[in-house]
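Quick notes on the structure that follows.
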């Protein structure tokens with residue numbers, strides 16, 4: 001039996017962490033939000049905040065031991081995972097598990113697990129630890145290729161390379177965009193896919209697994225731009241995706257929501273990546289489902305029932321991006337963005353802006369995917385990120 005409230009310590013306080021915090025507080029929980037800088041989005045609504053380098057094992061261990069939370073919920077990839085493993089051995093609950101956090105923070109570890117251990121279909125790939133190794137690794141894959149740091153987020157350091165001459169620049173971009181200390185990249189074949197999807201997969205305490213309706217999405221440079229739900233898959237494609245998601249999440253273990261990404265190429269479903277936490281493409285569930293991905297994550301984490309997941313006929317999201325470097329920000333055009341029925345705007349509360357930084361998201365629902373995608377696009381286009389304070 002679950003007794004509330006619980007104390008939750010959140011590692012990472014971005015826009016996804018903010019929604020986790022809000023969902024947790026609606027269940028009466030006490031939330032401690034951690035990040036590398038003060039005033040991060042989740043800190044603005046949390047009960048307590050801590051600023052620290054979460055890659056520093058000693059600092060991370062000290063904070064967790066000081067607060068003694070019931071649950072530690074990672075919201076980002078760049079963490080001192082060895083410290084989490086030690087704390088888990090001491091009895092601290094890490095969501096979904098310390099091992100899952102460690103495996104998924106590096107593209108090489110999750111790709112090896114999927115491709116070699118679980119025999120899931122993935123793009124053809126290789127690894128390289130230098131620009132010279134990258135040249136040798138890329139040639140057999142054919143052109144173009146995609147080069148990514150083994151550790152990064154939101155598309156940082158990713159390049160599509162059309163010929164050997166572009167590989168050195170791709171290596172430099174990958175190293176500049178890499179997180180952590182691994183001077184290594186994954187290079188993979190460029191897939192001419194029909195669709196990218198995220199399958200939100202929820203593991204519960206009793207061992208059962210639930211799936212949300214698949215979410216289609218588009219990226220630029222590996223960074224999410226828009227998403228829609230439900231994505232149109234054949235019965236066989238959905239069956240394949242659910243089977244693969246079940247296989248890999250069962251291997252990782254623990255409880256909570258996982259964002260499992262796939263490419264659809266003809267009749268093939270190809271595994272791409274996995275996040276052991278709510279996914280940015282899943283922001284659409286804030287308007288599309290009776291229980292958002294954040295509420296589903298918390299229910300699984302807190303061992304609460306999920307009787308049913310209801311989905312709207314059609315829903316979509318479109319990110320709101322900054323264009324300039326701004327030390328203080330305001331938003332213009334909110335009234336126009338909210339003038340259409342079944343439209344919502346989320347402004348994340350980030351303290352500053354830079355070109356192409358994700359500052360918010362527009363959400364829309366309705367009866368057809370074409371209509372709601374257009375509606376979300378219009379709402380997002382109405383918002384301007386400008387210098388100043390407040391909302392006008």
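Heads up, the Cβ atoms here are built off N, Cα and C, so glycines get one too.
Computed from a predicted structure; not experimentally measured.
Site annotation (Swiss-Prot, ligand N(1)-(5-phospho-beta-D-ribosyl)glycinamide) includes 15, 16, 75, 280, 357, 358; from 6, 350, the additional listed residue is 350. Cα to Cα, residue 261 (Mg(2+) binding site) and residue 75 (N(1)-(5-phospho-beta-D-ribosyl)glycinamide binding site) are separated by 17 Å. Long-range neighbours of residue 153 (ATP binding site) (same chain, six or more residues apart, CB within less than 8 Å of its CB): 76, 77, 78, 179. Of all the binding-site residues listed (15, 75, 188, 196, 273), 75 sits in the most crowded Cβ setting, with the most other Cβ atoms within 10 Å.
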